[in-house]
């Protein structure tokens, strides 16, 4: 009997080991897909925003926010994105066309006159003018920024679990070394998005006209870094302790994405001092990316990262340590975008301007300036990416998320800049009242009208939700043999998982809880 039990235990251990190896092989040696297809999948998010905005602006569908409104909100902003990476993964263009058709249908339906959209109330003496949008240096959370960041978090939460199922295309999973994929874009987008909101304290400093000492900036940055580094350590111990399947060439033996996020704040604080020499964060990002790429091409660094032996702590984690510089460049580029989109009152370079009265024409001009500025930078980043990767007229370099090289940096920044522009365009077309709000209260009302409750919730506690999604992903993988389930079961698991994550996010938001990590 003892021998039988021992044999069964050995067989079970061997089966578990074999399945772990299958899981690792499932996400290894992948080459990704085309940039065009990834763009089509990413386009689903702003197209959904277009449909959602048409429902809200024309029919006031989400006001009041009923149970039905929540269900439709979830199906649009979570369900459509889930479909784009699963059942419609081979036809993302068709999904976009269907969503656009629905948006056009909603738009041509006569508006709901029973629930007119509120317009900002103006004082009698200012019918042709609106009061100042805020004091000099005032910042605002614009609807399109919430929609962009919320969608990015939703897609990230979907993909980190969906990648473990066969229904999720292998070309969407992270590539081994060279190429582009949706998840490669997702990692960079997470960092870019973090950079956008990180420009808020910098703008406040400039508005106050106070130069914060480097030591103070470093101490502040550590308050943001320590929780992330602690999460990275917890993830490391969990993965090793539970013998969880892992892809070593992604970041290294011990490194993980939380460590990358955790080390960003202090290095950004250090690099901020370089703005005395380099005029903008965008210039700093380009300079850092170019220097890093030159080192990759002119030294043995690239060969060391890709093929070097793992003999010490540095070599065992070389992918995570050296790719950090590419992610830092992406973060800085995100900060440059934040300098443009966060100020309530701005000029073409995103500098905060003074108060005073503002005519409607000036308000429209600022909205146009914002769109043109975002469009201009999208074109600049796209042109740089093409110049870097084109074999006929450019450098002919290949994207590598593993290296986080210059082509990867430019691809991520160009794509995210275009997405921010797309969300901004939808926002401007359907909800101009936000930009005409005479005071902070009216702006808040216009903001609530113009943003999805689901996306606001994801945006509010993004990092905490991301952490919970990681824990649920681990739980699913430890209890379900994800490689063996069919399409219907896969969609059921992913749908239930996203429903749980969304319920948590919206629940925290309903009770006005903000989890700061």
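Note that Cβ sites are derived from N, Cα and C of the backbone, with glycine treated the same way.
Cross-referencing 115-138, 139-162, 163-186, 187-210 with TrEMBL places the feature region 'Disordered' at 115-138. Annotated range for transmembrane segment in TrEMBL, selecting from 4-24, 67-87: 67-87. Long-range Cβ contacts of the transmembrane segment (93-110) within its own chain (Cβ-Cβ under 8 Å, at least 6 residues beyond either end) map to 40, 43-44, 47-48, 50-51, 54-55, 58-59, 80, 83-84. Contact between the transmembrane segment (181-203) and the transmembrane segment (408-435) is supported by 3 or more Cβ pairs under 8 Å, counting only residues 6 or more apart in sequence. Within the chain, the transmembrane segment (38-55) has long-range Cβ neighbours (under 8 A, six or more residues past its boundaries) at 61-62, 72-73, 76-77, 80-81, 84-85, 89, 92-93, 95-96, 99-100, 102-103, 106-107, 147-148, 151-152, 155, 172, 180-182, 185, 415, 419, 422-423, 426-427, 429-431, 450, 452. Under the criterion of 3 or more C-beta pairs below 8 Å, with sequence separation of 6 or more, the transmembrane segment (224-242) and the transmembrane segment (492-511) do not qualify as touching, having fewer than 3 such pairs. Same-chain residues lying 6+ beyond the ends of the transmembrane segment (370-388) with a Cβ under 8 Å from its Cβ atoms: 282, 286, 333, 336-337, 340-341, 346, 348-350, 394-395, 397, 406-407, 410-411, 413-414, 417-418, 420-421, 424-425, 428. Same-chain residues lying 6+ beyond the ends of the transmembrane segment (67-87) with a Cβ under 8 Å from its Cβ atoms: 41, 44-45, 48, 51-52, 55, 61, 95, 99, 150-151, 154-155, 158-159, 162, 167-169, 172, 182, 452-455, 487, 490-491, 494-495, 498-499, 502, 506.
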